[in-house]
């Protein structure tokens with residue numbers, strides 16, 4: 001059994017909380033894409049654990065965790081995050097954590113060039129806007145992967161004669177191509193290979209052939225949960241390109257990032273914030289640059305875990321959600337942070353786009369069009385009631401249930417979970433047929 005948790009908007013929907021809720025039922029939690037460029041916090045027994053690269057399944061002492069071949073790994077950050085979690089009391093994490101031998105490596109010079117590239121792009125653009133990268137080197141690493149010049153985990157841990165010398169030579173060539181492209185930036189070449197020679201010994205016990213790992217688990221009928229990173233609207237192919245991340249963050253990335261066939265997937269859970277947020281630049285049709293946006297940001301505490309940046313806020317965009325559903329094929333939804341809407345008298349939701357009076361059939365791929373669309377809203381009544389103490393779906397205010405029902409009917413997917421507060425237990429389950 002393989003079930004998948006995916007973000008349906010622009011990230012920060014609360015995927016980690018759903019994974020945290022579900023993880024006790026699973027034998028394995030796997031990540032399939034991205035790196036340490038996103039983050040979420042899980043609270044267990046009053047202890048806060050911040051996850052950026054590592055799978056959230058580490059909070060379950062009986063769960064194995066895998067970083068798949070589609071993940072890109074900055075090895076120093078891998079160990080720093082692991083040590084931070086261990087310092088907070090996470091037990092036997094090292095024996096339950098595995099890394100794909102096919103995963104690509106992020107180096108410090110990738111991070112340097114990530115920031116240089118961002119400055120370059122903002123200087124070229126007419127409005128001075130940039131992509132909004134986290135500066136973690138994710139994009140440049142995927143670039144070297146696509147150009148077939150990158151280094152993978154197996155290159156680092158290979159014990160064969162001459163393998164280390166080959167690693168250093170390839171590392172040097174990779175660095176030189178960056179310098180040719182961006183000029184002679186400050187970087188201690190001599191120190192870095194020496195650092196990685198130490199890290200390779202530390203990393204070896206974690207490394208597995210992830211294809212064998214996953215298929216053995218599937219054959220053994222293990223319960224597997226895939227933890228998606230980022231969200232569909234940040235997908236390199238289907239998101240608001242170029243204001244996207246550098247990997248496939250939808251269901252396609254699950255298959256290629258873990259090496260599993262489509263027939264192994266059972267349930268696909270789409271996580272949807274009850275309103276919409278976005279970090280960084282790029283079109284955002286339902287954004288509210290007014291008191292409503294500020295209110296959503298304040299009540300929702302909308303600041304990024306990884307970057308600390310303020311998130312832009314707006315109303316729920318059902319055009320985005322329907323498009324996301326078409327691609328990812330959600331079998332049920334988790335609506336998060338519904339409580340943030342508690343004090344709004346009226347709650348608009350975006351239901352269609354038009355441009356120059358002509359309604360669009362679907363979410364447009366052209367950002368010149370997307371940036372000019374007019375949004376048609378359906379205004380739904382608020383419930384003006386604190387829902388954070390409610391423990392059963394049936395006890396939600398009628399208008400809150402109507403809000404959820406409207407979402408279900410619009411996208412044709414049932415809501416299975418509803419987030420009603422920041423606490424770990426503030427998640428209502430609704431039976432679905």
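Including glycine, each Cβ sits where the backbone N, Cα and C put it.
Between the candidates 230, 290, 292, Swiss-Prot assigns the IMP site shared with 12, 13, 14, 15, 37, 38, 39, 40, 134, 148, 245, 309 to 230. Note on residue 39 (Mg(2+) binding site): other Cβ atoms within 10 Å of its Cβ, all shown chains, come to 18. Note on the binding-site residues 11, 14, 308: the fewest other CB atoms within 10 A surround the CB of 308.
Rounded to a whole value, the Cα-Cα separation of residue 11 (GTP binding site) and residue 230 (IMP binding site) is 5 Å. Comparing the Cα of residue 12 (Mg(2+) binding site) with the Cα of every entry in 41, 134, 230, 420, these being the binding-site residues, the smallest distance points to 230. In this structure, the C-alpha atom of residue 17 (GTP binding site) lies 8 angstrom from that of residue 40 (active site, proton donor). Neighbour density at the Cβ, taken as the number of other Cβ atoms within 10 Å, is lowest among the binding-site residues 17, 310 for 310.
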